[in-house]
Amino acid sequence: ALNRTKETNGTGMLDAVTRIEPVHTAPRSLDGSLPHSLHTMTDEELERLKKIATPINSHMASLLAPSSARADPRQRKVMQEVSIISDSEHHKEMTRVQLCVYIVIFMTAVSMRFDQMSNPTLEFRVVQVVMATEEQDLLFLHMRNAYVDAYATLEQMYNFTRQYENSYPDLFLALSGRDLVTVNKDGHMSKGIAGMAHVGGACSTYANFAIVEDRGQAYLGIYFAAHEMGHSYGCVHDGDGPAKHIHGHKGSQDSDCAFKHGYIMSYIDGGLKRFYFSKCCLEQMRVFLSNQVEACFKNTFQVDFIKTFPNWLPARVTSVSRYCQAKYPDMNKTFYEPDRLREINCKVICSGYRTDGSKRSIVTQALDGMICVPGKSCIKGQCITG
């Protein structure tokens, strides 16, 4: 287990690793590869760094093998249809309109992480928003007291999504406002995940679902959703070998795709790289898509919620103070501390107080859309015009 080092005043320290990444690799040694600012983290956050959930090598793997009826290799633009399932805790005290606006902004930011994809491009439409009640939660969430068992939930989502077989999207993405956990064979719960998905599960009818933790209604789950959707579209974690059930998959063992670089398919914060997929992951998505049948690329839904509020980003509707409070719930009286020099670099200072009354300050990434200087906004960690 990781031992917490003696905590110092966190002022000016970069919040280098926020929440541990989900699924698909065996637990790995940290080997000193985490950034120096690890000591600014809370005990709960350190707990999340202890291990990553084991791979999903399910009985579905053979079903995910490529079909003989391939899509047109000249395909240059892929538009994928996504159904969002929001659990009752995720949309607590929201109206349906408020939830739909939130989902559109959330998915707009997630989609931006995929805009480096080429040959083909990969874009997403939000075609359904399911606003689950507390009773309906139990139909697709596997609860363990107040926690969501992520792996068991994926299995349960298979049964839940049967009702949509006549209007089936390419991917179901469940957003939960609850804490996700994994449970080992001894019944021990670990909070070390924030999402789970099947590698290469998109476009199937038996593994095309993912679950992501998005607590606080402040867009904290954007990175996790991009990570999990990366898995769904064929990516393993950076540094891992090939997914054998995907024909032509070469894995992410190129030195340019090392786990330590901190791209989206790592759980280390690589600064600006955290907003991008490694070249290995991009190639894995191309390989995955090249294996799909034509039906994967046919759009069957008329609606696209994203078109309702095009180009809206999280900071347009979420104050920095609200963002800080949601991101650091362990701090008391959390507030946003303006710092123009840091904001030019798309960083914000979230401050608050420990239980002993001492002040704690953490430098963290600004939300997409935050004004960094007059006339410029933060887009994927950079202060740009627009």
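The first residue you see is number 1, and the count goes up from there.
The backbone N, Cα and C atoms fix where each Cβ goes, and this holds for glycine too.
TrEMBL annotations: computationally assigned, not manually curated.
The feature region 'Disordered', as given by TrEMBL for the ranges 1-20, 21-40, 241-260, sits at 1-20. TrEMBL names H227, H231 for binding Zn(2+). Of H237, H261, the residue it gives for the same site is H237. Confidence across the domain 'Peptidase M12B' (78-301), taken as the mean pLDDT and rounded to a whole number, stands at 93.
Other C-beta atoms found within 10 angstroms of the C-beta of E228 (active site) number 30, with every protein chain shown included.
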